[in-house]
C-alpha cells in the first residue's frame, strides 16, 4: 500500500488492512521486507522506545526523530505519524507547523485523537494536501480524563457517541479511523456505517483492518500484556537467551572463533 488510495480500495474490496507501529530504522527495514500494508509511527514510541510514562510526554521532537528513522528504513511503505499531545490544540499555526514537521520527516499522513474541537483542524489539514487518520475510543492522550487505560463505549449512550464521532471524522475528511479498546459489536456497527476503513486495536475482528504495537506482538514488552495483544513470538526470551549465550561464550573464550578473526597479511 503506497497511498490513501489503497485504503479506499481495501474498503471497497473488503481486503483487510494490516498495520503495525514502528519507531526506529532497524525494525523499519525489516518491516519494509514484509507484506505489512502500513506503518504507524505512534506517539506510543515515547513509552516503548524512550521509556516515558505515557504518550502525553511524547514531544514533537521525539516524533520527528522517530519518523525520520522509520522513513529511512521503510522506503516502500505508507507511513502515518501521530501528532503528539497538544501539538494541534494551541493554534492553527502551531498545528500546521507540527504537520509540516512530520511530513518533511517522511510521513505520508498524520493521525490525531478525538473529534471534539478537531473537526475544523482536520478539514484545514486535508485541504492543505495532507491525509488525516482519525482515532476514537480509548485515546491515550486523554488518559488523564479517562482516569487510566479503560475500555470505552460500554454503555448505549457511549456507543452512540462513538458512532457520531466516527461519522463526523469521516465528514471532516479523514481517510480512515483507528478504533481502540471498544466492544467488538460497537466497532462492527461503526465499520458498517462508514465509507472509510476502520483500523481496530482491541476492537474485535469486524473492523476493516488491525494494528498492533510491534514490540507487543513480538513479545518484547513483558510489563504490558493487554487482552487484545497476541504474542507471535516470545521476543524477550529469544533476545535475552541470545545475549546470555554471547556472555557465556565470551567468558569461556569460545567467542570469537577463527571465522570471526582477521588474518595477518
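Placement of Cβ uses the backbone N, Cα and C atoms for every residue, glycine included.
Annotated active site, proton acceptor per Swiss-Prot: 180, in sequence order. The Mg(2+) binding site feature in Swiss-Prot is assigned to 43, 82, 113; the stated evidence is sequence analysis. Residues annotated as 3-methyl-2-oxobutanoate binding site in Swiss-Prot: 43, 44, 82, 111.
Taking only the Cα positions, the spacing between residue 180 (active site, proton acceptor) and residue 82 (Mg(2+) binding site) is 15 angstrom. Residue 113 (Mg(2+) binding site) sits 13 Å from residue 44 (3-methyl-2-oxobutanoate binding site), taking the C-alpha atoms as the reference points.
Packing around residue 43 (Mg(2+) binding site) is summarised by its Cβ count: 30 other Cβ atoms lie within 10 angstroms of its Cβ, all protein chains included.
Between residue 44 (3-methyl-2-oxobutanoate binding site) and residue 82 (Mg(2+) binding site), the C-alpha separation comes to 9 Å. Ranked by how many other Cβ atoms sit within 10 Å of their Cβ, the binding-site residues 44, 111 place 44 at the bottom. Site extent for 3-methyl-2-oxobutanoate: the farthest pair of Cα atoms among 43, 44, 82, 111 sits 12 Å apart.
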